[in-house]
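Below: the structure, in structure tokens.
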Amino acid sequence: MYTHVHERESARERVCVFHHPVNSSHSELSYPPPTKERERGSHATAKRGEESVRRRESEEKKHTSLIPSAGNFLWALGRGRKVRKSLHLFLAHLLVWPSFCFSPLSGGEFWGSEGIRRGRMVNNLTECEEEEGAANNQVVNTTCPLKKGDGNPKESSPFINSTDPEKNQQYDGKNMALFEEEMDTIPMVSSLLSSLANYSNLPQGSKEHEEAENNEGSRKKPVQAPRMGTLMGVYLPCLQNILGVILFLRMTWMVGIGGVIEAFIIVLMCCSTTMLTAISMSAIATNGVVPAGGSYYMISRSLGPEFGGAVGICFYLGTTFAGAMYILGCIEILLVYIVPQAAVFKMEGLEGAEAEAAMLNNMRVYGTLVLSFMAIVVFVGVKYVNKLALLFLACVICSILAVYAGVIKTAFEPPVFPVCVLGNRTLVWKGFDVCAKVIERENGTVTTKLWRIFCDSEFLNATCDSYFANNNITEIQGIPGVMSGILRENLFGNYMDKGAFIEKLGLPSVDEPDSMPTNTNRYVLADITSFFTMLVGIYFPSVTGIMAGSNRSGDLQDAQKSIPIGTILAITTTSIIYMSSVLLFGSCIEGTVLRDKFGEAVRGNLVIGTLAWPSPWVIVIGSFFSTCGAGLQSLTGAPRLLQAIARDGIVPFLRVFGHGKANGEPTWALLLTACICEIGILIASLDNVAPILSMFFLMCYMFVNLACAVQTLLRTPNWRPRFKFYHWTLSFLGMSLCLSLMFICSWYYAIIAMAIAGCIYKYIEFRGAEKEWGDGIRGLSLSAARFALMRLEEGPPHTKNWRPQILVLVSMDSELNVEQPRLLSLTNQLKAGKGLTIVGTALEGTYLENHPQAQQAEQSLRKLMEAEKVKGFCQVVISSNMRDATSHLVQAGGLGGLQHNTVLACWPRNWKQAEDHQSWRNFIELVRETTAASKALLVPKNISAFPSNGERFTEGHIDVWWIVHDGGMLMLLPFLLRQHKVWRKCKMRIFTVAQMDDNSIQMKKDLTTFLYHLRIDAAVEVVEMHDSDISAYTYEKTLMMEQRSQILKQINLTKTEREREIQSIADSSRGSIRRKNPAAVTTQLSVTEEPAASCKEEKPEEEEQLIHDQSTNPPTPATPQSPSAEAETPGTAVQMTWTEAKCDGEQAKPIGATTPEAIKDLFNMKPEWENLNQSNLRRMHTALRLNEVIIKKSQEARLVLLNMPGPPKNRSGDENYMEFMEVLTEGLNRVLLVRGGGREVITIYS
């Protein structure tokens, strides 16, 4: 049923209009979302139509049974009743009516890729409306309320116990009222089951192509449901693809060359390989729905896009070369057995290499013509190929039956096919009719045509070939029959070199080794050097084609049942045919005839044809059409396989081959397939082409077995195949057999095929599209990762195994773009450590509201990581404030033993600005947290000046200022940086500082020895820093720092706290601070011993008392004190609080009445130098002296690495800490501040 759903845009109604062609069987729909206007309209309608509802109540009850059921709804259409439209909502006593409009899409597809679309809650009650139905194939427009149901009459509610059926109608929707708020996102099971039961992912197959070609106008025919069973859908197609040209053209020769025993081993080994592969394939094919695509789909979805693409392309090449092999077999049958006189390059009178070259040229000419014709047929329409498929299959079956009939006939009446042997050499039966030198007639002895071939005249005294003259002519029976006992002679092999005579064992022969035989074209010679492994390569293509059933999985009624049964039965049948053929050929046919590849000894007949009944032509014609059909099937299937790979987008350069004609025919893929097939045609030898496609098929089968083994061993929850007769050992054995056969057939072909697959794998890995198919390799990676993480949990890594596992903290702008992209450039330049990289950022807000922004930020991070070539993970954390979010990243980053040990964060460049006061506080807390977590911290200053990955430093130095030892990070980081091309040509210098009581000469010697043991090449210099008096500049810098600290404090206080703090500073500094305007600030502070009550009207965060402690300890920068103040209050603390009356008075003042004057007076304060905090003064002195020395030595350095001192334990000095860092690094272009994690990261031991 085709169903089109429309929505009435009325504010009073919400209905689905079904357009129902009576004869259709599929449907599709959409869901109109509810709107606020429609709901308001529904409320208004209910109020105005309350009386109308009462009048129609009985009619509504009568039609309610139609609402939940599509079946009852269609029954109502069939009855043709006309129901008037009415839409009303009972707000007083009706609950929400959840309704769903859901059915499969046309063509059997449902919205699996985008998620099943959900039904909407409908907050109104509707009646069905019908219009007059038309006859069959006419469209019926029907309006019906959206309602849940499966087409069955409503049953009594199991949740609302009521025996009144009419009363039960009122509770419709109440049964699931618990889930009513989620009905718009979660579908009901009843609506889901119908779509799942009817699900069929049908690709556009051959039938759809035919319908598209025959389509008249723009109207498409409906896609018919799949109706193929096991026999027609799997078994017979597999038979047609497996039985082919090798059976008819090379099987007898293989038995004659290798002997019955070795030929049977080859057949058993190859058939066992395909049987094991079929078992693995059956397990994969029954583990869910497998659309068309066959082995490519199964491998790609089981082992990932890299393996799938690589093996898929190899399988495509194998199928393409198979087409070339079938065409060459077709031409061989045509020119050798049907019409030899049609050869363009004549072989009459040619010998050896010349005859062989003429034959190959004929194959190339006719092969190209046949390939062109077949490509045109496939291009014009695949329907012709499919219509002839059954005919080709009938030819194969008839030919095989003729062979078996002929074998039975040989038991009591063998066919007459004499073979002429000279000595023990088999002669080509051509140009003579009697196998004798002379014959007796009435008038005497007469020479035969055979005499004239080897002698210079027909007379008895003629000069003849020496071997002809010295050996006798023997005529033997080519087909002695199954009861003759010839099997014993054919049990063992008889391998020959190229050009060797095919000899009859047991006959006498007088050889003349010194003289080369003349007229070698009269003998049956070996055209190729034969050996066991070559026979394997030639034979294996005859057992391929087992994927024919899985390729048709979309056309099967029950693919999970038909594929295993049909495929295994087909392989069993063909294996029996091949094995019995080996035994029957060895039991019925003479060995010399078996070794005669082209039947030259039996008057040019096809060898297997000599065994057939009623005529050899049955086999010749049957095999000819069989090879033609197989070639057409290859040219039809290979382009579609290439098109499937191209449309998956995993190989970028193949995307052009995903396009085709309007009906989906792969035009460009067909063109490429024909070109590749032409390469096989130009090889022109079936024996040389067969090993090539054997490689590709064996590789494909090997990965099918690997996929099954991996999935079985991983035991993933999704691995639940219906086919239960599999085991990972069988898959592993099949994989081993495939790999062994690859190297048995041809080791160099195997290496080439694996190299091609490897190159394609790496290409897809680096350049291909990223696909997530839930493949087994991903599961294998997860299992390996879990195992490795569990091993890492055993203990911390040894110092030799330590590497920087970096957590990179970046910030995002308002557009969710990274503000410091060079931070990732620096991360990339440190990647020589080969450690973990996590790029994290924080967003402020709540997770529920900001989840889309988090996803966008994650995408932005991934793009930047790809651009900067940073391999790692990204993580976005949402928290109510940035401080907590950064803390979460530091604490929770990584997993198990694979956690970050180093944090990389930028220096807050605008920390001095008033609007950015929170950033430096967060930064200092980050320093404290990394220290507490024993993690190293890297802080690049002036990150914008750091080089990008594309820049190169041709000279310069990386200077390391090693002041304190905190684990050796300062030594390791320059080494890692110099591994990158940006810093590779920079030299490393290490500076250390010597005090007055240090021996600088010994320090330099020890440091040089230490670097030697560390295997680090660097220049060493010891800088002496003598004690000096604190300069006036230092005092001035300290004074400015403390003033700035006071200002920063005021910025962060509330209005009330700001007034308190200013008053406190003013009072505490009265004795030592000169004021330009003493009356600027009015002191309104009362000092009490008792804590005053808090203000009644203040906010909770302002209710805390502000306590200023003054003690004899050195004052902090936040509360500078004078010596007089210290003398007044030795060892005591004065609590200065605000009384309730004072609070009320302050609140009554206008905003800003006191603050501006107070802040102005604060700027006018000039503390004396001797009253400065002595600790701050000493730290400022150290920072200035170090900066002076560093500027002198390293101002021109490309990068300066410096120990980063820790922040003060007392948070009141945080502002001063930032100032110290600024002074320490002032005047340097690129600085990397390094703070170790408290453990050794570098060692002198091996």
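In case you wondered, yes, glycine gets a Cβ from its N, Cα and C as well.
Feature list (source: TrEMBL):
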REGION    23-64  region 'Disordered'
COMPBIAS  35-63  compositional bias 'Basic and acidic residues'
TRANSMEM  87-105  transmembrane segment
REGION    132-170  region 'Disordered'
COMPBIAS  135-144  compositional bias 'Polar residues'
COMPBIAS  154-163  compositional bias 'Polar residues'
REGION    201-223  region 'Disordered'
COMPBIAS  206-219  compositional bias 'Basic and acidic residues'
DOMAIN    234-408  domain 'Amino acid permease/ SLC12A'
TRANSMEM  261-290  transmembrane segment
TRANSMEM  310-339  transmembrane segment
TRANSMEM  365-382  transmembrane segment
TRANSMEM  388-407  transmembrane segment
TRANSMEM  523-543  transmembrane segment
DOMAIN    525-807  domain 'Amino acid permease/ SLC12A'
TRANSMEM  563-585  transmembrane segment
TRANSMEM  692-714  transmembrane segment
TRANSMEM  726-750  transmembrane segment
DOMAIN    821-930  domain 'SLC12A transporter C-terminal'
DOMAIN    951-1077  domain 'SLC12A transporter C-terminal'
REGION    1058-1132  region 'Disordered'
DOMAIN    1178-1246  domain 'SLC12A transporter C-terminal'
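Residues 242-247, 250-251, 254, 257-258, 262-263, 266-267, 269-271, 273-274, 322, 325, 356, 422, 425-428, 493, 495-502, 517, 571, 574-575, 578, 592, 595-598, 600-601, 687, 690-691, 693-694, 697-698, 741, 744-746, 749 of the same chain lie 6+ residues outside the transmembrane segment (523-543) yet bring a C-beta within less than 8 angstroms of a C-beta in it.
With respect to Cβ pairs under 8 Å, the transmembrane segment (310-339) is most closely packed against 692-714, considering the stretches 261-290, 365-382, 692-714.
Contact count against the transmembrane segment (726-750) (Cβ pairs under 8 Å) is highest for 692-714, out of 261-290, 388-407, 563-585, 692-714. For the transmembrane segment (388-407), the partner stretch with the most Cβ pairs below 8 Å, chosen from 261-290, 563-585, 692-714, is 563-585. Using a Cβ-Cβ cut-off under 8 Å and counting only residues 6 or more beyond its ends in the same chain, the transmembrane segment (692-714) has close neighbours at 273-274, 276-277, 279-281, 283-284, 287, 295, 298-299, 302-303, 307, 311, 314-315, 317-319, 321-322, 325, 536-537, 540-541, 544, 680, 726-728, 731-732, 734-735, 738-739, 741-742, 745-746, 749-750, 752-754, 757, 776-777, 779-780, 783. Here the domain 'SLC12A transporter C-terminal' (1178-1246) is broken down by DSSP into helix, strand and coil counts: 31 helix, 10 strand, 28 coil. Model confidence over the domain 'Amino acid permease/ SLC12A' (525-807) is summarised by a mean pLDDT of 86.
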